[in-house]
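Record features (TrEMBL):
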type	residues	note
ACT_SITE	Ser166	active site, nucleophile
ACT_SITE	Asp332	active site
ACT_SITE	His365	active site
BINDING	Arg236, Asp366	substrate binding site
DOMAIN	60-370	domain 'AB hydrolase-1'
Amino acid sequence: MSQTVEIQRQPDDAAARVKAVSAVTTFGPEAPLQLDCGVSLSPFTIAYETYGTLNVDKSNVVLICHALTGDQHVASRHPITGKPGGWWPMMVGPGLPIDTDRYFVICQNVIGGCMGTTGPKDIDPGTGKPYGLSFPVITIGDMVRAQAMLLDRLGIKDIFCVIGGSMGGMQVLQWATAYPERVFSAIPIATAARHSAQNIAFHEVGRQAIMADPEWHAGAYLDGETSPAKGLAVARMAAHITYLSEAALHRKFGRNLQNRDKVTYGFDADFQIESYLRYQGSTFVDRFDANSYLYITRAMDYFDLAADCGGVLANAFKGTKTRFCVVSFTSDWLFPTSDNRQIVHALNAAAANVSFVEIDTDKGHDAFLLDEPEMFATLKGFIGAAAERRGLK
Ligand SMILES: CC(=O)SCCNC(=O)CCNC(=O)[C@H](O)C(C)(C)COP(=O)(O)OP(=O)(O)OC[C@H]1O[C@@H](n2cnc3c(N)ncnc32)[C@H](O)[C@@H]1OP(=O)(O)O
Ligand SMILES: N[C@@H](CCO)C(=O)O
């Protein structure tokens, strides 16, 4: 039996600029999720948050797609870390580029995730135990199909704007090509139409770190209440380096020592950068599930938008009426400008309506999460102009 439960209203949070409504929707046996791997997933649950007010004709929906380790708490206090304001506090709120006085914002935790949407840590109704590695392998297409089912459930046909960075950008591209008639405007940020060999390689390093942890137990760690925290932390440490840039590492840390005057001739965290990475790894394991990390990185690896279109990316966008704004960052070496430009070239070849901006910054890939005034100004302008075209008040 399918049902939707609004589970909480965001408590007063001085740092939150807008009230969030958190909800979970469960899809029963009558509405299975048909996965690309051939499995029908049922039942399954989607956890999501909304901000702002849906207008009468349901034409003001902004769908925000999160990145690899993000979640639905885009502009609200994180329930595990307690960090206020969400992961995109400068983007979402009253008067901000995604203006919650004007738009109805939806952000869903992806399928395979660990923040309320069904994923490998949840109970498999067939066995009564956590899925672990018996959870089916999921794709970006599956994530978007699940999101579309939620929008259908909410009676929302059209999306005014779909936006996201990194893996969120992959979902944006998937939305615009799988459901072109539903997407008025699309903003893929710091992303690619297919995952590069280098990026698959980094993901494989992370996965091997998790699997090498003796506490991983072939993915069944929840049965024994163990946790491959060390492996997951190493995976995050390696990945975190890729989210920054050499210039940013140099600017923030250089070769500075951590709370000491000289090196110790040992393997303690002598350097600030070591201490910083250890901190990033150890805090990450508190908020993320190791098996979810395996599944979601795999989904990114499999992403190749042109593959089903004879290898020609432009074919994926044939006939599109969606307005695109593609954003990249000069110092992003994970999803470099060249990857983003390929999307723009394909859109041009399909005679699509597309704008492109490369933001000059030394902050690397995760610049999209940080204070980048040029990005905010560009997106405020683009989204505002699209809203006028759409006739939104
Ligand atoms: C789109 C999505 O879905 S987002 C998903 C979830 N969010 C993320 O993945 C964000 C992950 N990335 C980060 O947090 C990053 O740090 C970045 C790349 C965004 C950079 O953010 P910045 O604001 O520049 O923060 P910075 O990288 O300096 O890290 C600050 C933290 O490191 C800690 N830190 C800084 N130096 C050191 C050090 N020498 N030793 C130990 N810890 C240190 C700070 O105390 C601070 O801790 P806090 O986060 O608990 O306050
Ligand atoms: N740092 C972000 C973006 C990575 O692509 C995350 O962990 O989701």
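Positions of Cβ are set from backbone N, Cα and C atoms, glycine also.
Owing to the predicted nature of the structure, the values given are computational and were not obtained by experimental measurement.
Taking a Cβ cut-off of under 6 Å from any atom of ligand 1, the recorded positions Arg236, Asp332, His365, Asp366 reduce to Asp366.
Taking the recorded positions Asp332, Asp366 in turn, the residue surrounded by the fewest other Cβ atoms inside 10 Å of its Cβ turns out to be Asp366. Computed over the domain 'AB hydrolase-1' (60-370), the whole-number mean pLDDT of the model equals 98. Local packing around the recorded positions Ser166, Arg236, His365 was summarised as the count of other Cβ atoms within 10 Å of each Cβ; on this measure the leading residue is Ser166.
Counting only the Cα atoms, the space from the residue listed as 'active site, nucleophile' to His365 (active site) is about 8 angstrom.
Within 10 Å of Asp332 (active site), judged by CA to CA distance, lie the following recorded positions from the set Arg236, His365, Asp366: His365, Asp366. Checking the recorded positions Ser166, Arg236, Asp332, Asp366 against ligand 2, the ones with a C-beta less than 6 Å from an atom of that molecule are Ser166, Asp366.
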